[in-house]
Structures are given as C-alpha cells and as structure tokens.
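Per Swiss-Prot, the features are as follows:
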ACT_SITE  Glu103  active site, proton donor
BINDING   Asn88, Leu89, Glu90  substrate binding site
BINDING   His101, Cys128, Cys131  Zn(2+) binding site
DOMAIN    47-167  domain 'CMP/dCMP-type deaminase 1'
DOMAIN    186-296  domain 'CMP/dCMP-type deaminase 2'
Amino acid sequence: MQDRFIRSITQLPTPLADALIPLLHQGFAGHIDAQHLAELVKSSNMTESEVLLALLPIAAALAKPPISEFYVGAIAKGKSGDIYMGANLELPGEALFHSVHAEQSAISHAWLSGESQIVDMIVNASPCGHCRQFMNELVDGGQIKIHLPSQDSHLLSYYLPYAFGPKDLNVQSPLLVKQETEFALDSSDPMVIEALDHAGLSYAPYTQSYAAVVLETADGATYCGRYAENAAFNPSMLPMQMALSNLTRHNRDFAEIRRAVLVESSQGKISLVGAAMDALHAVAAIELEHIVVDPI
C-alpha cells in the first residue's frame, strides 16, 4: 500500500479497509472499476452509497494543497459504473486561479479514461460555485446527483438553479462527448505524437484553441492533460493544470518532471502558452516545448 493512504485507511470501517488495501498498490491512482466496486460493497456489507462516502478520505489523500492545507477529495461515478477519484491541487507561490478543484480533478480523470458520462459526484465538502459551473458543462450536467456526508443527495440543478451552460451558447456537444479535431504535423517523437492526439480530443468550442500538454518523468512515464473550456470561461480547466493533477494522482513528484510539451491549434482565438509556462515554472525548472499545429 502507498504511504499516502496509511492515515486515511484507518478512517474506514474495518471490513471495507481490509477489502480495499489490496487495491492500493503502487500503481493505484484513484480508479476503481465497476467489478471491484461491487466487491467492496459485498465485502463491507454496506450500500454502494455508503461505500462511496466512506472512500472520500482515500480520495482526499491524493490532494496537494500547500496554500490552503485543506484536503478535498471527490469521486466521480461514470455511466460505466467505474469510479474516478480526484483531489485539489494548489501550486506553491502562484496565483489561486492556477488551482485545480477536487471535482475538476475527478472529472478530468474520468475524461482521460474514456468515460462518456458522469452520473454521480461524491465530495467531502459542498461544491463551490466554480465546480458547480464546471459540472454543468458535462453531458446532462444538471442531472448529476451530488452526494455529501450527512446530507441528502440532490441533483446539480438543485445547487445551480437557472444555470447558464453550453446550450446558451449554441454548443450541442458538451464536455465528455467524444469529439476529434485532426491536425497536420510530421513528427516521429512519441511524446509530441501523444500531445497531438490529446489536443485533437480536447474541448474548446468557444475559442477553438484545442490544446494538450504531456509531461515526461525521468523514467520515461508520461502524463497528459487536455484543455477543457467552460461556457462561463473562468472555470475552464487548462491542460497544464490537468497534466499536473494527473501526475500527482499517480503519486509522482514535480521534481521528477524532465520534459514538458504543449501542442495547440494555430486557429485558436487565444494561446495557452503563457499560462502553461507560469504553471510549469512554479513546480519545475525546465523549458516548455511549444508546438503550434494547423487543423486539417
């Protein structure tokens, strides 16, 4: 079991903890498939809802909040039945807008894993307005059921009445609907190709600034992040922040980053290079490789 879960595992009921420990191996980064979730429910003699709420301390253990020191964990349950953990991330010494909220982390985890719809969000603190707006960008976002400890469950539409969302800006394919933009680039660099692929899968209906970041650690492992825009603009999730969140979920340290690549469209209304460099340089003293590509 990873050291970061030692304290949180003690907060779980013993039968659930005993069933969960084998899953918390070195490669665990917060994903539990539907079959393993069903086994946890059976072994713990708890309901699924009770298990998901009980797992929140495990999700919160993924957090990296050097500024607030407030650990927030979130669990997104997909239509597939799989669950995806996420946690808040803050960049030391940097402006607060660089922060990743736990719900954003969990949703990006699900998106990068190929999930097509979120049906439940379990979180250990009431979602802030920023996160409510971010969730509203998703497929049937208003119908996502929000679960909080010691509170009744409600749909997102309860927490965000009279919502402004993608349809108000004539966007008919919201976040998590698979969309692919093709770009022209001649490269044999595997890391650049990976970034290009993820840029094509990014979500930028308001600026067409399709973009992705890939980070590489010294052992050759790579961690990606895609741009995810929001109808309200400010809650958009930047690709560097998503990549850094992905890296920390996998229990990797910022000091291990050896290479960083940003690929973005030449036809976008904005560029993400400045924001990406600021975030990267807050945690790693390496240069950002910036590649601009033309859509086909």
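Keep in mind that glycine also has a Cβ here, set from the backbone N, Cα and C atoms.
In the three-state DSSP reading, Leu89 (substrate binding site) counts as strand. Across the structure, Leu89 (substrate binding site) and His101 (Zn(2+) binding site) place their CA atoms 7 angstrom apart.
For the recorded positions Glu90, Glu103, the greatest number of Cβ atoms within 10 Å around a candidate Cβ is found at Glu103. When the CA atoms are compared, the recorded positions lying within 10 A of Cys131 (Zn(2+) binding site) are Glu103, out of the candidates Asn88, Glu90, Glu103.
Per-class residue totals from DSSP over the domain 'CMP/dCMP-type deaminase 1' (47-167), listed helix then strand then coil: 42 helix, 26 strand, 53 coil. The Cβ centroid of Asn88, Leu89, Glu90 marks the substrate site; residues of that chain outside this set whose Cβ lies within 8 Å of it are Ala63, Lys64, Pro65, Ile67, Ser68, Ala87, Leu91, Ser99, Val100, His101, Ser105, Ser245, given in sequence order.
The Cα of Cys128 (Zn(2+) binding site) lies closest to that of Glu103, out of the recorded positions Asn88, Glu90, Glu103. The record gives His101, Cys128, Cys131 for Zn(2+). Within 8 Å of the mean position of their Cβ atoms, the other Cβ atoms in that chain belong to Ala102, Glu103, Gln104, Pro127, Gly129, His130, Arg132, Phe134. A straight line from the CA of Glu90 (substrate binding site) to the CA of His101 (Zn(2+) binding site) spans 9 Å.
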